[in-house]
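Annotated features, as they stand in Swiss-Prot:
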- 19-36: transmembrane segment (TRANSMEM)
- 66-82: transmembrane segment (TRANSMEM)
- 89-105: transmembrane segment (TRANSMEM)
- 116-133: transmembrane segment (TRANSMEM)
């Protein structure tokens, strides 16, 4: 079964990929958040300008914070991949915990431990949801494949459920009615023409042909 790690970039390129994706996500999400917050906190008559100013001041900073987090996370992830020589959800969980703890070292060991716990739990939830979604998708795909294979391998009609009729292609009643009406009309016209031709032939055959004159003198 495929895991979310199997679809990611290789380790040297993974760091740059995650840094760029995290910066874009932080810039877009942070800009929207700070714009709404600036509009809400600004006085009446200057809400839009206050929101735009808050966006310009704090939007790029949010993107930078997210990019730093993404870069550290990918660095720890690649280090664990090379150390353990395999990729599994434990790499992501341990990388999230290490990233959270490393970013909070300036606040003390207690804050660093709490941040590491939060990061590990958050990544564990994300990995669990990803594994569940992959499992559900693979199960549905396998069931659909088995149904299609069974339907194609059975003879015609044996794959039908008891009491279920074999689907018959539907035809339009109006088109069939018009076709039958035109068909009956042309059939009647053809029968009438055939009747007239037969009567004409019968009349012509009823007259005997005149004898051919001979010019022999007796």
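Cβ coordinates come from backbone N, Cα and C, glycine included.
What you see is a predicted model, and the numbers here were worked out from it, not measured in a lab.
Counting same-chain residues at least six beyond the ends of the transmembrane segment (66-82), those with a Cβ under 8 angstroms from any Cβ of the stretch are 11-12, 14-15, 17-23, 25-27, 30, 90-92, 94-96, 98-99, 102-103. Below 8 angstroms of C-beta separation, residues 3-4, 89, 92-101, 104 of the same chain, each at least six residues beyond the ends of the transmembrane segment (116-133), sit close to that stretch. Beyond the transmembrane segment (89-105), the same-chain residues lying 6 or more positions past its ends with a Cβ under 8 Å from any Cβ of the stretch are 3-5, 68-69, 72-74, 76-77, 80-81, 111-120, 122-124, 126-128, 131.
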